[in-house]
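Peer 1: Grabbed the feature section from TrEMBL, which reads as follows:
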- Cys85, Cys89, His175: Cu cation binding site (BINDING)
- Cys85-Cys89: disulfide bond (DISULFID)
Amino acid sequence: MKRFNWIVVLTFVVVQMGCSKTEKQLPFYNTPDFTPHFLTTDQEVNENITHSIGDFEMRNQHNQVVTQKAIEGKVHVANFIFTSCGSICPVMTENMKIIDDQYANDENVQLMSYTVTPWIDNVEVLQEYVTAKEITSKNWYFLTGTKGEIYQLARQSYFAEEDLGFTKDSTEFLHTEHFILVDQNKKIRGIYNGTLKLEMRQLVKDIQTLKEEV
């Protein structure tokens with residue numbers, strides 16, 4: 001009987017070890033070179049990850065003021081586009097729809113598309129763009145503001161152009177295919193090529209992973 005009990009205990013331990021090995025964990029990114037940090041406790045995160053998305057104030061396609069409060073406590077994905085772009089931006093918007101299709105009704109997931117030509121893309125232009133693209137999601141904001149604020153947020157907070165763009169200022173045009181995944185505490189957890197559907201499928205899974213971390 002004792003031997004049977006030990007077998008049960010050992011089997012349980014092996015199963016638990018197997019589960020822990022297969023459990024998905026996303027890294028944290030603290031610097032624009034995107035060196036991954038795999039951390040397991042809140043204390044480790046607090047001690048090692050000092051970077052987070054900074055404060056901002058912009059307007060969305062509905063002419064509503066949007067600040068950092070829109071992303072606090074939520075998983076969010078950010079990208080940077082402009083409505084007159086004829087190359088990668090239309091592809092990126094279509095690929096963001098893949099994410100939107102999965103999480104359009106999820107109030108804990110927010111999509112943020114910032115324009116990099118705010119001197120052209122005012123609220124009215126963004127609304128026309130959204131209408132033309134048949135985007136109706138309440139959780140997907142297209143955002144405009146001042147060039148300086150958007151470019152600083154992109155490069156200094158989101159690391160949108162990685163380390164090559166970190167030291168650039170607003171006089172140098174911002175153009176990137178990256179989608180940035182950010183967790184509920186505004187920490188960067190992933191970077192993806194927004195022109196590739198394969199990466200969007202991975203992004204959908206990674207969003208779910210972050211939702212399950214809470």
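Cβ atoms here come from the backbone N, Cα and C positions, even for glycine.
Those TrEMBL annotations? Automatic predictions, nothing curated.
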Peer 1: List the other residues in this chain whose Cβ sits within 8 Å of the Cβ centroid of the Cu cation site residues Cys85, Cys89, His175, in sequence order.
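Peer 2: Nearby residues not in the site list: Ile81, Phe82, Ser87, Ile88, Met92, Val116.
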Peer 1: What's the most sparsely packed of the binding-site residues Cys85, Cys89, counting other C-beta atoms within 10 A?
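Peer 2: Per-residue Cβ counts within 10 Å for the binding-site residues Cys85, Cys89 bottom out at Cys85.
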Peer 1: CB neighbours of His175 (Cu cation binding site) within 10 A?
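Peer 2: Its Cβ has 16 other Cβ atoms within 10 Å.
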Peer 1: Looking only at DSSP and grouping its letters into three states, which state does His175 (Cu cation binding site) belong to?
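Peer 2: Coil, per DSSP.
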Peer 1: In three-state terms from DSSP, label Cys89 (Cu cation binding site) for me.
Peer 2: helix
